[in-house]
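Visitor: When I checked TrEMBL for this same protein, it listed these features:
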- 32-53: transmembrane segment (TRANSMEM)
- 230-250: transmembrane segment (TRANSMEM)
- 257-275: transmembrane segment (TRANSMEM)
- 313-334: transmembrane segment (TRANSMEM)
- 355-377: transmembrane segment (TRANSMEM)
- 450-475: transmembrane segment (TRANSMEM)
- 496-520: transmembrane segment (TRANSMEM)
- 561-583: transmembrane segment (TRANSMEM)
- 598-621: transmembrane segment (TRANSMEM)
- 633-655: transmembrane segment (TRANSMEM)
Amino acid sequence: MEDDRKDAVYGTPHKYDPTFKGPIYNRGCTDVICCVLLFLAIVGYVAVGIIAWTHGDPRKVIYPTDSRGQFCGQKGTKNENKPFLFYFNIVKCASPLVLLEFQCPTPQICVKQCPDHFLTFLNARHSRDFDYYKQFCVPGFQNNKGVPEVLRDEECPAVIIPSKPLAQRCFPAIHANKGVLMVGNETTYDNGHGIRKNITELVEGAKKANMVLEARQLAMQIFEDYTVSWYWIVIGLVIAMVLSLLFIVLLRFLAGIMVWVMIVMVILVLGYGIFHCYMEYSRLRGEAGSDISLVDLGFQTDLRVYLHLRQTWMAFMIILSILEVVIILLLIFLRKRILIAIALIKEASRAVGHVMCSILYPLVTFFLLCLCIAYWASTAVFLSTSNVAVYKIFDDTSCPLLGKTCNPETFPSVNESRQCPNGRCQFAFYGGESTYHRALLGLQIFNVFMFFWLANFVLALGQVTLAGAFASYYWAMNKPDDMPAFPLFSAFSRALRYHTGSLAFGSLILAIVQIIRVILEYLDQRLKAAQNKFAKFLMVCLKCCFWCLEKFIKFLNRNAYIMIAVYGTNFCTSARNAFFLLMRNIIRVAVLDKVTDFLFLLGKLLIVGSVGILAFFFFTHRIRIVQDTAPPLNYYWVPILTVIIGSYMIAHGFFSVYGMCVDTLFLCFCEDLERNDGSQERPYFMSPELRHILLSSQAGKQEEE
């Protein structure tokens, strides 16, 4: 009775069908409207890219340009002998966008050299230093105005200070010495309150800009580390790929042994990590400065400093210990479930063995994702570099053209001179007033949204393709004789020919949720300074809800794609049937599906941990045999983290095939139990090993009841 009520709530199970032999070949196109919508969106995306490439200039990211959009130091230009960019008011550039000069709202000119001493316009005007000062004024400056007018019209900077060139930009060389403000190698004193105020503002701006400069310096040092260690990083990633492939091959023949070896090795690797952290913690005992807390030390660009603190190693040791205890407890409580999951992994190994080309399919997904990322990144750069310097007419008196845009090259024209005799064409901001420039923000949002949509579509295509191939294996009564000749290619062709619309539908829903999460993160950053606790609480709740929603949609989409691959139904029908099927077998879901995910996670940790430990010993010169081979580095954690992250991505790519295989076999297994009863008239399609899962799960269910 209870099972009947469950079936009534969660749909009607499929009945026995003697003609059903696996993935249906006679199917029709699904969700055609979404297919058309995706096609139109791609056409629009290409149009946005073409428009961005027409208006944008990515050289602005690399080479500095003055306020008139002319490059500094480039051959064949007016500024060929002026390689450095000078900012009139560096305070306005105190933001992470300071390196993209087109976003800095202050006049900028190209100069031959950065200023090397402190000087104000007021003091320089009637001194012999004025010829030196004039090179930092706008080209063609005529000294025929009063000081207030020159500063108002921003024809010259109010003050120049010693600066150092960085990435062809002049940044102030300000530092403190015993509490005294130092500009270059000189102490800045001034008897005038106005100049002291300018210096105060400059110091505040320099403090903010210092974070950007330090970040860029850190980025340059990291880049240097990559240039000398990229060869060894590639070797480390190749080792990770070989280990992953070897692990997959061994799972094919020794699944049970490999799972237990994997569990033991993960425990040993974490144990060694705890031991190493404890030894470093003990070694630093009594060392000067090692007891300083992380909070007191604050943020340091040289991350090696943190390794000299005992608190750092204590934190590492606590994290690894917690992880070790959690894994051991899970293994204790899931020991019976693990035995059942091993049988499912063995069956997945057989399926992968009969469809060996599936192991290489992640390379196709990786290639398509790289195309999506490259197009998105290039379009974003071109859109960002589409801004131009906007000049407007300013005047002290009434002027009908006040606030209108103007061209500083031709100002004033006859009409402008007649209507605004005292007018001046002054830099206003970077952006533009055309329809295209006003739509830039919307185009950037559309660019991000299309990236999410296409990336999710590529992932969905891979999931449907693998699901179709592995479903062909499961529903073959005589394996592998009843399987199609090319199961992976057949599944890929069916997905593109019939179900592009369904894949677009599922990926569209996920992309909408992801773009909302991005907008929430943006708003959260903008509202961080707000003191409204209710707004902060609401923002946290929204972020949490949409994070959970994204995880649920990913889980539902994954199972819906499996049903699409098998039955060829549309997305909504497939998602409903998959959800009801899982709910009718909720105990088996908890027993089998998630335990295998846990075991695969341990496999990834084993590969990543092994390669990470090897990289740590190599790049820290602790392997005596190759001690002199390791390159000298600014930060040895740069190649180590790169190898660890890359190893995880490689291992995840290999294990994702196994994960999709397990999920597909699991859903087919649940369908098989509902369609058939194991008799000669209605035999199971499952292998004898999977029948053991059926008996074990039924026994476990009876024990729980």
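Quick reminder: no glycine exception, Cβ is built from N, Cα and C everywhere.
Keep in mind it's a predicted model, so treat the numbers as computed, not measured.
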Visitor: Compare 32-53, 355-377, 496-520, 598-621, 633-655 by their Cβ pairs under 8 Å to the transmembrane segment (313-334) and return the stretch that comes out on top.
Guide: 598-621
Visitor: Would you kindly list the residues that approach the transmembrane segment (355-377) from elsewhere in its chain, counting only those six or more residues past its ends and only Cβ-Cβ distances under 8 Å?
Guide: 49, 245, 248, 447-448, 450-451, 454-455, 458-459, 461-462, 465-466, 469-470, 473, 487-488, 653-654, 656-657, 661
Visitor: Assess whether the transmembrane segment (598-621) lies in contact with the transmembrane segment (32-53), where contact requires at least three Cβ pairs under 8 Å among residues 6 or more apart in sequence.
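Guide: Contact between the transmembrane segment (598-621) and the transmembrane segment (32-53): absent.
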Visitor: Should anything in the same chain at least six residues away from the transmembrane segment (32-53) have a Cβ under 8 Å from its Cβ atoms, list it; otherwise answer none.
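Guide: Sequence-remote neighbours of the transmembrane segment (32-53) are 375, 378-379, 382-383, 386, 436, 443, 446-447, 450, 453-454, 457, 500-502, 504-505, 508, 571.
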Visitor: For the transmembrane segment (633-655), give me same-chain residues lying six or more residues beyond its boundaries with a C-beta closer than 8 angstroms to one of its C-beta atoms, as numbers and ranges.
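Guide: Residues packing against the transmembrane segment (633-655) from afar: 221-222, 224-226, 228-229, 232-233, 236-237, 240-241, 243-245, 247-248, 302-304, 359, 362-363, 365-366, 600, 603-604, 607-608, 611-612, 615-616, 619-620.
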Visitor: Do the transmembrane segment (561-583) and the transmembrane segment (450-475) come together with 3 or more C-beta pairs under 8 Å, pairs six or more apart in sequence?
Guide: yes
Visitor: Sort out the residues at least 6 away from either end of the transmembrane segment (257-275), same chain, that have Cβ-Cβ distances under 8 Å to it, and list them.
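Guide: Contacts with the transmembrane segment (257-275): 247, 250-251, 316-317, 320-321, 323-324, 327-328, 331, 338, 342, 345, 599, 602-603, 605-606, 609-610, 613.
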